[in-house]
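The FMN binding site feature in TrEMBL is assigned to 89-94, 141-144, 176-185, D211. Among the features that TrEMBL reports, NADP(+) binding site is placed at R301, T538, S599, R600, K605, K606, Y607, V608, T609, D642. The FAD binding site annotation in TrEMBL covers R457, Y458, Y459, S460, T475, A476, V477, Y481, G491, V492, A493, T494, W680. Taken from TrEMBL, the feature domain 'Flavodoxin-like' covers 83-227. For 282-524, the entry in TrEMBL reads domain 'FAD-binding FR-type'. Here TrEMBL flags 20-39 as transmembrane segment.
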Amino acid sequence: MENSEGVKIESTVVTEEPLISALDIALFVVIITVAYFWYFKRDKQSSSSEKKPYTIQPSSLSSIEQTSNSSFIKKLKSTGRSLVVFYGSQTGTAEEFAGRIAKEGARYKMKGMVADPEECDMADLVEMKEIQKSLAIFCIATYGEGDPTDNAMDFYEWLQNGDADLEGLNYAVFGLGNKTYEHYNEIAIYIDQRLEELGATRVHEIGLGDDDANIEDDFVSWKEKLWESVCSHYGIEETGEESNIRQYKLVDCSEVLPERIFSGEISRLKSYENQRFPFDVKNPYLSKIAVNRELHKSGDRSCMHIEFDIDGSKMRYDTGDHVAVYPKNSSELVDKIGELLNADLDAVFSLLNTDEESSKKHPFPCPCTYRTALTYYLDITSNPRTHIMKELIEYASDPKDQEKLKLMASSTPEGKKEFHEWMLRDNRNIVHILEDLPSVKPDLDHLCELLPRLQCRYYSISSSPKVYPKSIHITAVLVNYTTSTNRVNKGVATNLLAQLIPTNDELPQPTIPIYIRRSQFRLPPKSQTPIIMIGPGTGLAPFRGFIQERDYARKEGREIGEMVLYFGCRKKDEDFIYENELQEYVANGTLTKLHLAFSRDQPEKKYVTHLLEQNADELWNIIGEKSGHLYVCGDARSMAKDVHSIIVKVVMEKGQMTNSQALNYVKKMEQQKRYSADVWS
């Protein structure tokens, strides 16, 4: 019935339809419109093509700007400068040192600028000789196991692979390293030697700063002698002018719209609200905390197992990589600074570089409130360096406070002793200084200029992406300790993480910014290769990922090599982390042997190094006879050094080699990536 009625209606419409329907008219209009646009667009493109030689395209302009920005020589020439200070920095210290040198250049009639080698065309070094009495200084840190910092990598490779003629280039190098690491200041030493090989002239001998001792003292001592060499080399004299000149000027931003104010983002405004892949050091991913549980069974210490949710982020990691966590300072310390300086922490401000040619317009994302700067951007918990003491002198109204600051800012033996005892030994931060020297009341904007940037914290990833592709695990000890002044200092990142506990309800889960840093700490390419892992305490973290990955391969039916783990902690019933997991891996055959050292469960302390010495045959069987791999993770100051000595001794005895041969054997293992260390001091 309905179908027959439908047919009737349709036939009626057809018989009454006009010769040209509305649909036909619409189609005709569409065809004409498309033809019109096609014709005129083609004509316009043709016309643009003809005019191309006379038009600057936006892409060309961008290219010109990039070239200009990367040419530090052009900036030096256009601004009448003769000093450029390059920095290779991972934590900000080398950049800070570079800024201090460039600033002091004015005292020696050498107007200076700071430059990031990553943003410069370093091939322009060949043109430095065109600038009269020019000087290039390099403040270069060695990172990891003898690696360049991320921003100095391209420059390092350029020196390695290039053959530029650097005759006429005058230079000096200061290295930032740590003697607890095997490759102490390796990058700075290489750059210093390579520049000379390429024809450059060394104006002053290389300085080697040791962060395990007092790198500030090392730097200041080197810097003083540097300027003596500079004066001698160029035949100039110090002007005697003070270098306490502000690098940034305060800008009132009270009228700035709220949507233009930074609130903790690392680089891009509103980046946490509008997340964009890829995620890196300047664009971290705001990850949810999926799991946060205590690993210690008892005692007064805490070790956390934390899982970051990366589902949907497109982030990928490999076993052995690190995750960087961006912390924030405690509100208690931030409020204390506002209270001590009687400042409005919610006032919006900006710091603008007084050097218009500088590529760094602000010391941190601006505009923002003082509260935001002190919470997210500035390091208010570390020991301030001597140059900050010097700049605080003018703000001290009490002569006693002035004299104390002057003494600590000086390079005299008495001044160095006072700085070491009062600042470093007593572990004072900027809050403690303002409390203990009550007449010191610096302008808050100047203090924000002086304080170093708050840095992200790196943790070894304790999971395998094969098993946990949607999350990243870390193992972190909560840092709390009492200083000699009876103050409790707290680790910035771990104390923040301890507060980020996920809930079971529908409330928003806690989040924290992270990104992945690649590592060379890798499992052997072949799953059959035997390995030895040495990781006491939280040094176990990356090996948990290693074991997970091998266990995954075993379950897939692949052959896996021997896995021997050396783990140690204080007490079995207190801080034996991941005990059940490890015992399960032993039971299913993934973990071949588990050697355990509980240092305080017996009268005489027992460490993993003692176990290594007892198992010399097993060690040599794997690293010598079977060409296996050996991994060390943990404390660099003592444990890693002791392990290295034991390995050399085992190679000597079991491999029947001389000391020199054994050292060469171990060195070759390192070069072949068969001996890897992921250590910290």
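Cβ coordinates are placed from backbone N, Cα and C, and glycine is handled just like the others.
Positions of TrEMBL features highlighted on the structure.
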residue: G92; record: FMN binding site; contacts (Cβ under 8 Å, 6+ apart): P452, R453, Q455
residue: N178; record: FMN binding site; contacts (Cβ under 8 Å, 6+ apart): Y184, D210, D211, D212, A636, S681
residue: Y181; record: FMN binding site; contacts (Cβ under 8 Å, 6+ apart): T142, E145, G146, A636, V679, S681
residue: R301; record: NADP(+) binding site; contacts (Cβ under 8 Å, 6+ apart): V477, L478, D575
residue: R457; record: FAD binding site; contacts (Cβ under 8 Å, 6+ apart): A324, V325, P327, V492, A493
residue: Y459; record: FAD binding site; contacts (Cβ under 8 Å, 6+ apart): H322, V323, V325, I474, T475, A476, A541
residue: K605; record: NADP(+) binding site; contacts (Cβ under 8 Å, 6+ apart): S599
residue: T609; record: NADP(+) binding site; contacts (Cβ under 8 Å, 6+ apart): M639, D642, V643, I646
S599 (NADP(+) binding site), number of other Cβ atoms within 10 Å: 16
Among A141, V477, the most crowded of the binding-site residues [Cβ within 10 Å]: A141
Residue pair Y607 (NADP(+) binding site), G491 (FAD binding site) - Cα distance, angstrom, rounded: 26
Per-residue pLDDT averaged over the domain 'FAD-binding FR-type' (282-524), given as an integer: 96
Between A141 (FMN binding site) and W680 (FAD binding site), the C-alpha gap once rounded to whole angstrom: 15
The domain 'Flavodoxin-like' (83-227): DSSP-derived helix, strand, coil residue counts: 65 helix, 35 strand, 45 coil
Between W680 (FAD binding site) and S89 (FMN binding site): CA-CA distance (Å): 17
Cα-Cα distance, maximum over R457, Y458, Y459, S460, T475, A476, V477, Y481, G491, V492, A493, T494, W680, record's FAD binders, Å: 23
Binding-site residues compared (A493, Y607) - the one with the fewest other Cβ atoms within 10 Å: Y607
Other C-beta atoms that fall within 10 angstroms of the C-beta of G491 (FAD binding site): 18
